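Student: There's a structure below that I have some questions on.
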Amino acid sequence: MSSIADRKTTGITFNIQKYSVHDGPGIRTVVFLKGCPLKCRWCSNPESQRKSVELAYNTGRCLTLAKCVRCVEICTAGAISRAEDDTISIDRALCNDCEQLCSGACPSNALITYGAHKTVDEVLRAVEQDSLFYARSGGGMTISGGEPFAQPAFTLALLREARRRRVHTAVETCGYASWDDMAAALPFLNYVLYDIKNLDDARHKEATGVSNQRIVENLRALRAEFPGIPVLVRTPVIPGFNDNEADIAAIAALTRELGVSYQLLPYHRLGTQKYHFLDREAPMGEVTLDAETMRRLEAVVAQTADS
């Protein structure tokens, strides 16, 4: 496809995060895309799960309808009404992927729009603002989500155009995608961050909603067909799911077999508030991960690597 066509390709992003140092080499800009085929109970970005633009509501910022009624008046779908405490109630069945006039009209930013339609050119203009940092640190752009391959055409166009502009590229993927979509994008990638959550298929399906077979198959295919691309496999350590020696040792053994790097990520609760903003329950509740468990599991990874 031509550069002109790629630059005009449109996708739905929900954040462009500057100066990230944890999502690939160097200083990076992370482009977060909407949509994910998994429904992980521990997901810290609930706003990433659905492909559509979504409206969130932070009641703590609301001026209440006693002082401001802009959102009620401007909503063309009739989705916003008065709640008993003079805040607002959002009918999610009526709220649709509109122009989000209500969040634009909200003077206190209590209404938040998660998601924006952007072209490849718009995204890369934001990414290229930090080109000096990339040059000095070996950084670049990382496409994350959600799941980048849930928007395969946009992801491919974004990677192709980034390559034309000599921007170092990386992708964060759960691996649950069409291999054809992944294989089309991989020639334009410099680095891959790949999630493996559990090798027990039944437990993986129970916790994420999908089988892990395609995920493991795609990782093996990636290593076989694109051996020159550095891969970092990452596992979020989740209390009650994979915070044990057997699960982590099994994944560590797979990464050793495939010759890829491996990293554990500690569970955190930073996304809990966003569930409430979207009128959803946070599935993990008040669960926490203790530091001693992480130290023990990191020792397991080190031992497996040395064996």
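Glycine is treated like the rest: Cβ placed from N, Cα and C.
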Student: Name the residue, out of H268, H276, that Swiss-Prot lists for the same S-adenosyl-L-methionine site as W42, C43, S44, G146, D195, I196, K197, please.
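Tutor: Between H268, H276, Swiss-Prot records just one in the S-adenosyl-L-methionine site with W42, C43, S44, G146, D195, I196, K197, namely H268.
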Student: Measuring Cα to Cα, how many Å separate K197 (S-adenosyl-L-methionine binding site) from C75 ([4Fe-4S] cluster 3 binding site)?
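Tutor: That comes out at 41 Å between the alpha carbons.
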Student: Tally the residues of the domain '4Fe-4S ferredoxin-type 1' (53-85) by DSSP class, grouping H, G and I as helix, E and B as strand, and everything else as coil.
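Tutor: Residue counts for the domain '4Fe-4S ferredoxin-type 1' (53-85) by secondary structure: 8 helix, 7 strand, 18 coil.
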Student: By DSSP, what is the split of the domain '4Fe-4S ferredoxin-type 2' (86-117) into helix, strand and coil residues?
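Tutor: When I sort the residues of the domain '4Fe-4S ferredoxin-type 2' (86-117) into the three classes, I find 5 helix, 9 strand, 18 coil.
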Student: When you average the Cβ positions of C36, C40, C43 for the [4Fe-4S] cluster 1 site, which other residues in that chain have a Cβ within 8 Å of that mean position?
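Tutor: Neighbours within 8 Å of the Cβ centroid, excluding C36, C40, C43: L38, K39, W42, N45, P46, S48, Q49, C174, T208.
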Student: For the binding-site residues listed here (C68, C102), tell me which residue's CB has the most neighbouring CB atoms inside 10 Å.
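Tutor: The residue with the densest Cβ neighbourhood is C102.
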Student: If one measures from the C-alpha of C75 ([4Fe-4S] cluster 3 binding site) to the C-alpha of C106 ([4Fe-4S] cluster 2 binding site), what distance in angstrom results, rounded to a whole number?
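Tutor: Roughly 11 Å, rounded to the nearest whole number.
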Student: Spatially, and counting Cα to Cα, which of the binding-site residues is closest to C68 ([4Fe-4S] cluster 2 binding site)? Options: S44, C95, H268.
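Tutor: Comparing Cα positions, the candidate nearest C68 ([4Fe-4S] cluster 2 binding site) turns out to be C95.
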